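These notes are about the structure you will find just below.
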Amino acid sequence: MQNAAVSDEQPFGAAFSRARLIQYSVAVVALVLVAAPLVPIMYQAVLDKPIYDGQAILTLDNFSRLFSNPKFYEAFKNSVVLSAVTTVIAGIIGVSTAVFIGRTNIPGKKFFGEVVLWPMYVSHLVLAFGWFMMYGPSGYVTLLVEGWIGGKPWDLYTMAGMAVVAGAAQAPLVHLFCASSVARADASLEDAARTVGAGPFTVLRRVTVPLLRPAITYSAMLNFIGCLEMLSVPLILGTPVGKDFFTTFLYTQGYSGSNPDYGLIGAAACFLLVMISILIYLQTKLLKKAGRFVTVKGKATRPKIFDLGRYRWAVSITLAIYFGLTLFVTVGGLGLRAFTTFLTPLLAPWELLTFDNFALIFEYDAYQRSITNSLLVAGIGAAVAVAFVSLITVIIHRSGFRFRRALEYVALYPRAVPGIVAGIGFFWGMLLFPFMGPLHGTIWILILAFTMRTIPTAFGAISPALMQLSQDLDQSSRTVGADWWTTQRKIILPLLRPALFGAYVLLFLSFLKEYASAAFLFAPGSEIIGTTMLQFWVNGDSGPVAALAVIQIILTITFVVFARKLLGVKAYG
Amino acid sequence: MGKLIIDNLCKHFGDVKAVDNVSITVEDGEFLTLLGPSGCGKSTTLFAVAGLDRPTSGRILVDDVVFYDGGQQAMMPPEKRNCGLVFQSYALWPHMTVRDNLAFPLEIRKIGKSEQQKRITDALGLVEMENYQGRYPHELSGGQQQRVALARTLVYEPRLMLLDEPLSNLDAKLRIRARRWLKELQGRLGLTTIYVTHDQIEALTLSDRIAVMEGGKLVQLGTPEEIYSRPVSPFVADFIGASNFIDGFAGDDDGDTVNITLAEDVSIRAKARPGVKKGEAVRVAVRPENIRLVNGSGVPGGSNALTASIRDRDYLGARFQYILDVCGTELRMEAEQNLEGSQVDISFTPEDCIAFPA
């Protein structure tokens, strides 16, 4: 529990202090930013005509049309089933990697520990393209295996296929939660099991993994929600065979022909928002109770490493095969495809080598611009977002602002807003609110949308560091004569520098990856890598798609290395 | 400059009265200590003076400047009050050097660079830290950090110096040195000072006056001698000097001392506090250091004399501490001798016994 922060009210006469002015401004901007996409969606959901049509009147007809639409039920069912299966697959993979890499003596665990997190750096769209090009119906590996066994080995365009792809993409999240929990577990609980006669595998199965329950439940909730709002896998692997999901329903309705059904989209987006809001609410409740499962003592004990004996090689080889098939083959396949005119097992790739895919991208302004735009959006946008969220965070935790609790709710709410819904909402916002109009076709609307989506992420990265700073540091600054704003600017924010830097890295990467909310917002001049990839994919040009994916991966790697170097030189007292 | 008036100050957290109607006037240049156990409201009072905590009602004034007035809902923010507060944790800003820590308040007051440097050197000189200007806080020992924290409050010449248990994080030897040095410095600068502590020795040695607080209330305000020798309640007697308590019944009053019956045929004489009535139960406080062994020369005239059995003894190095039993009540006593046997004769003067209504 935090002490009530120092109040910043102005005495005797002065109506508005500098502190209040800043606090109210930031709060109002935050509220407008979060409401900007939500209000148009809710408004459109109850309008009988498009939002820009002055003749529109209020109606509940959209919802009755939505609920009587068989395609919607199909999408609902598919989304829930896919999310459930994906969550289970991601859970099994993530827990296994966390336990085997974190707690056993398998060979190569250091390498696996690095590799396991790589999918988090890459856009799900890129991962889905990789799977599509390698394991899709006419994928390189599929055709190769088909040649050996003489029949179709698998079908990626099924629920099972999609769940494997999405599960592999989401597993790192489970790993991350469980690995930190595994590393801090109380070793004496396992020692006790050993002394009563349990072997290493039994201890892992009966003690170590059950103790991960809170981490597993929490990451499972995150993954379930994340999969419900995922656009990439359903779009790339589901739409070719006519399978509809929540997100693809919205996407195809929005892009269908010249006359999209605004009311229906509004109602569907509204429904998705409400559903995810409820799930987030449940998840928050769950997290509050998680404290009862605490197995960690204040003292850090070094967790013991299990000796798996002769099984250590078997586990290690299994992991190597898993990462090989899901990561190296898919990403390697993208690389191969980027440098060839065509990819087929019938011809050796070196006979088809070409730079045409890259040449195409660098020849056309629009394609080239999508790369520079992506870098601008990530580079500038992430900085703007971090600056803004750092203000939100200090207001929430370190001010006497009257509405700081409410501000915290506003700041955390975007967790419940799927990317595609945010995209539609901001798009309609530009139609509805005149002041947003000039943003159309600029990268600023993308920065706004991405910022809105990542407020919770940045808040989550900054606020633990802020809570660790003693209130005495602000209070002493106030008593020596600094007002609230000077205190934040000269004392608190400088002390938060490492956390702000960490948040910037996080946001840069997610801005670089983001595509779903941009799908409705980009216009000629404001393309980004993700939207251009989608365009090429719609036209069936997988060569340029692969080339752009490779470029995005290279940019990501460069930035991550650069950030690590910077973190390395971080001199901090 | 620097007369502080705290008038009917209250701070409530829901139903809990953290500070309950406290009124204290601190004269210019006075060293006042707020003394009490944790949770008694002493720090809340100090933070209310600093402006870091908003009281529920009451008034705080310094030289007719209103810091807080509950009636008018007027609250001066902390940065306008020009108080110097030394935190228990010192609260030195870790990203700034010693010099920068001291320069920060001067920059806010828009003081020129050369004047800044002069004042910083002077303030660090006062605390004998002038050679540490370029160090960062984490490069200093606890005692050094404490002195820098003090210099940081002195550098801008505050009208009040507020100290929140500033010595509690120092080890025992350093604490004694810092105490002497703090007292000398305060006397030299003549700053009105409010000092918060739960350590009675610090309070007794440093203060011009002590305000003892309990459960949010001010229970006694007086000089160290008054507090020590004339406590107003068993709580004060126990908190300052860890008294022994013996229960008994009040008897005749001779105008100076009153007769107290402890058991059949056992009685003593004690100074009575107001409220002690004949025939009613009383509680008598006797400090361990005032209990003497009866030796060959006998009991001094007029003293109380008792025979006690020895329950237990602890060797403290130079002395022994004895746990005695007098009429079923436990008494602590210190003596240099290692006493033989299980019985001992003790005496103490009526002036050292204070009877409170039970």
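The backbone N, Cα and C atoms fix where each Cβ goes, and this holds for glycine too.
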>> If you look at how TrEMBL annotates this chain, which of A:80-103, A:344-367 comes out as transmembrane segment?
In response: A:80-103
> How about the transmembrane segment (A:443-467) and the transmembrane segment (A:156-178): do they have 3 or more C-beta pairs under 8 A, pairs 6 or more apart in sequence?
Replying inline: no
> Can you name the far-off residues of the same chain, 6+ from the ends of the transmembrane segment (A:313-336), with a Cβ under 8 Å from a Cβ of it?
Replying inline: 93, 97, 100-101, 104, 106-109, 112, 115-116, 118-119, 122, 126-127, 129-131, 133-135, 139-141, 168, 343, 349, 546, 549-550, 553
> Sequence-remote contacts (6 or more beyond its ends) of the transmembrane segment (A:374-396), Cβ cut-off under 8 Å?
Replying inline: 22-23, 26-27, 29-30, 404, 407-408, 411, 443, 446-447, 450-451, 454-455, 458-459, 462-463, 466, 488, 492-493, 496, 500, 503-504, 507-509, 511-512, 528-530, 552, 555
>> I need to check the long-range neighbours of the transmembrane segment (A:416-436): which residues 6 or more away from its ends have a CB within less than 8 Å of a CB in the stretch?
In response: 36-41, 43-44, 51-52, 228-229, 231, 247, 250-251, 254, 265, 269, 272-273, 276-277, 279-280, 445, 448-449, 452-453, 514-521
